[in-house]
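Visitor: Have a look at the structure that comes next, please.
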Amino acid sequence: MEPPTVPSERSLSLSLPGPREGQATLKPPPQHLWRQPRTPIRIQQRGYSDSAERAERERQPHRPIERADAMDTSDRPGLRTTRMSWPSSFHGTGTGSGGAGGGSSRRFEAENGPTPSPGRSPLDSQASPGLVLHAGAATSQRRESFLYRSDSDYDMSPKTMSRNSSVTSEAHAEDLIVTPFAQVLASLRSVRSNFSLLTNVPVPSNKRSPLGGPTPVCKATLSEETCQQLARETLEELDWCLEQLETMQTYRSVSEMASHKFKRMLNRELTHLSEMSRSGNQVSEYISTTFLDKQNEVEIPSPTMKEREKQQAPRPRPSQPPPPPVPHLQPMSQITGLKKLMHSNSLNNSNIPRFGVKTDQEELLAQELENLNKWGLNIFCVSDYAGGRSLTCIMYMIFQERDLLKKFRIPVDTMVTYMLTLEDHYHADVAYHNSLHAADVLQSTHVLLATPALDAVFTDLEILAALFAAAIHDVDHPGVSNQFLINTNSELALMYNDESVLENHHLAVGFKLLQEDNCDIFQNLSKRQRQSLRKMVIDMVLATDMSKHMTLLADLKTMVETKKVTSSGVLLLDNYSDRIQVLRNMVHCADLSNPTKPLELYRQWTDRIMAEFFQQGDRERERGMEISPMCDKHTASVEKSQVGFIDYIVHPLWETWADLVHPDAQEILDTLEDNRDWYYSAIRQSPSPPPEEESRGPGHPPLPDKFQFELTLEEEEEEEISMAQIPCTAQEALTAQGLSGVEEALDATIAWEASPAQESLEVMAQEASLEAELEAVYLTQQAQSTGSAPVAPDEFSSREEFVVAVSHSSPSALALQSPLLPAWRTLSVSEHAPGLPGLPSTAAEVEAQREHQAAKRACSACAGTFGEDTSALPAPGGGGSGGDPT
């Protein structure tokens, strides 16, 4: 498939339509972030069970989401943090009230649409028995994701108003609307309200009328000038709606409008990030290639040394024809990865263990499983106590907890046999995508299904499908990405036409295993139930393809915001499309839940995913392929990748889910913010990767150009806006205080308050700029002291030539530069907990190896010139590597 063509500016930016012929040029689409009165929204309960009768015990709602650690959260930073706009103080400090100004303070925003005019009656927050979004204005508040960042936020001038200034008082609480379709609905409702006011036509009481609010203003009470202004604003708002509706015809769905907008916003954010530093460029490329649905060009791997030798071997003589090719015994249609296992012979309904698996640590396992219904269950301990059978144990206990074995007449021995067979088809030698990850996603899905806002919403069959999908969603995962399989022309990629390769394979294996002996757990379902369950499972597992992330996010956010601007405020979920949309996003949230778990668990998952990435990078290096982003163990920045992953992927998703089930997911967001802050604080302490030119070594393919994103004309203009100046540069600090003040100067610049995503940009910029400034200052000062001319790095083709030239012109300069900069530049995080056995720890093994390599290179460069004592260099595990920075 050919890569998609670059969309035009009009198709990318729905809110930038050009004027029609013969029409006066309209103002740019209104420059504000949409704010609507907070509307009570609830999800319609649809019946909990497929059976007609339910026991009274089952009618009780599930317990709300609880934290497994059950710790006191009164002192947690996330709960004390007030809700900050994204970005916050970085973009101005203007004050004001977005709701008090009426039409006089009208602003315009190129992304979003017109401000609701003063004639519109706000909706009052009313109590609702179901799901209420932002019901209380005085609740704990936090930062918002980049989705709420407007085009005007890129303006660094002091005139730019902070979005904090537009938050209204408690009496006029508002929600922010960012999806295009919800904005059009809100705008049309505003036009309708203004029309009624201007014409004195009474508004009939129907679903389009506000549920509550102040008494409508009478036209007689308005001055002529006010009426004229209101009429002009109403006409302008209607014109904007027409422009948006004219562009809708090119889209398959209204949610795709939001998807295109979000992708464009993310591309713009990643473009800024990629320009900051090498590590920022790598993080940007990783996020773009993993979470944006793009068709990348297939890379043909260069032949290895053995293949070259085969090509150079003498061809057989004509008298000796080559042997005929061996035919493939395995047809393309055959599902690969299946094993012949025998678990059914030793199992029957009478000898099933208490927790579904045999263990000699039953009491310890029972203690851990007390947290089965809580967020943050320590799945690592469960696996240890269950003899490595965490997936079977968790699935068995959840089915018992929800009484699904009885409801669907699933034989217990069949259930356990299938789960043991399924778990055996997860690869134990894969660091992350193994049965432990599947068990974690399964338990997380179970907890999300039990959230009070979703009580009595989904049927038992839908719950069964969601749990089954979570259990099989990564079965037979080989530990490499879809793109790796495509680039290597694997059989799986050929079979599934490069589309969601692994996800299709997981489904095929999961359903194929049902055909094994005594493994069909759905044998007593009706034909219609089986067909319905299979369709739902396929939809949910395919949604775990991370390249579909932005589409899933846009679908969910459009659904939530559309209900925010409607007066009914009821999410009916009365059709398959809406119901499966919520279930798809639920499993997707569970699949991306690692950063929302307690920090000690999150760090273990990070160690595992990075180990898997590095293993893939090693395989790509062996094949002579370009190493995928974040897969090069010599250059990957673990902490920065996690901050970017949270800012651009995890936070927007969980923020939207929290809106859907408010307030049930608030503590999850608090944990996510705390974990993000921890990894952000670790950036300045972890060793920076060595120069990429040196780390790759000879014989490796050249580095690709800086990762670039397609920008529209509007976005290119924004790129010209200069970044805010850092208060104190490294050179000023060196001049004023000498080398002893360098570290304080760095602390001062990093301590500069900024928003989450902007913080990651600034740290990466500081890393590159400070390193360059310090190197220049060192060389200049030492060259002046020896009377030689300073050496310019760009006069040489490589860093090695530059170092040699400096050593000849000023040995003392190199003596200072080589050992000091790597040691001073960054310090690693203290290891409060050891890394996993056999896996690199984020700040211990991986970072110590980097520092050790940097020290060896510095030593080898110095040894032949001035005999520097190598004992002065920082050693791995010391103050400059994996040790405590204090």
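Note: Cβ is positioned from N, Cα and C throughout, glycine not excepted.
Note that the structure is a prediction, hence the values are computed from the model and not measured.
Below are the features listed in Swiss-Prot for this protein:
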type: COMPBIAS; residues: 36-46; note: compositional bias 'Low complexity'
type: COMPBIAS; residues: 315-328; note: compositional bias 'Pro residues'
type: DOMAIN; residues: 357-686; note: domain 'PDEase'
type: CROSSLNK; residues: LYS358; note: SUMO cross-link
type: ACT_SITE; residues: HIS433; note: active site, proton donor
type: BINDING; residues: HIS433, HIS437, ASP474, ASP591, GLN642, PHE645; note: AMP binding site
type: BINDING; residues: HIS437, HIS473, ASP474, ASP591; note: Zn(2+) 1 binding site
type: BINDING; residues: ASP474; note: Zn(2+) 2 binding site
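So where do these features actually land, and what's packed around them?
Guide: LYS358 (SUMO cross-link) counts 14 other C-beta atoms within 10 Å of its own C-beta, drawing on all protein chains shown.
The local packing around HIS433 (active site, proton donor), expressed as other Cβ atoms within 10 Å of its Cβ over all shown chains, amounts to 23. In three-state terms derived from DSSP, HIS433 (active site, proton donor) belongs to neither a helical nor a strand segment and is classed as coil.
Listed in sequence order, the residues of the same chain lying 6 or more apart from HIS437 (AMP binding site) and placing their CB within less than 8 Å of its CB are ASP474.
Under the three-state DSSP scheme, HIS473 (Zn(2+) 1 binding site) falls in the coil class. With a 10 A radius on its CB, HIS473 (Zn(2+) 1 binding site) counts 29 other CB atoms from all the protein chains.
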Visitor: Measuring Cα to Cα, tell me the gap between PHE645 (AMP binding site) and HIS433 (active site, proton donor) in whole angstrom.
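Guide: For PHE645 (AMP binding site) versus HIS433 (active site, proton donor), the Cα atoms are 18 Å apart.
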Visitor: If you draw a 10 Å sphere around the Cβ of ASP591 (AMP binding site), how many other Cβ atoms fall inside it, taking every protein chain shown into account?
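Guide: Cβ-Cβ neighbours of ASP591 (AMP binding site) within 10 Å number 21.
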Visitor: Quiz question: given the binding-site residues GLN642, PHE645, which has the greatest number of C-beta atoms lying within 10 angstroms of its own C-beta?
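Guide: The largest 10 Å Cβ neighbour count belongs to GLN642.
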Visitor: For the AMP site made of HIS433, HIS437, ASP474, ASP591, GLN642, PHE645, how many Å separate the two farthest Cα atoms?
Guide: 22
Visitor: Using DSSP, would you call GLN642 (AMP binding site) helix, strand or coil?
Guide: helix
Visitor: Could you check which of the binding-site residues (HIS473, ASP591, GLN642) sits closest to LYS358 (SUMO cross-link), going Cα to Cα?
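Guide: Answer for the nearest of the binding-site residues: HIS473.
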Visitor: Using C-alpha atoms only, work out the spacing between GLN642 (AMP binding site) and HIS473 (Zn(2+) 1 binding site) and round it to an integer in Å.
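Guide: If we compare the Cα positions of GLN642 (AMP binding site) and HIS473 (Zn(2+) 1 binding site), the gap is 23 Å.
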Visitor: Would you mind checking how many other C-beta atoms are within 10 angstroms of the C-beta on ASP474 (AMP binding site)?
Guide: 25
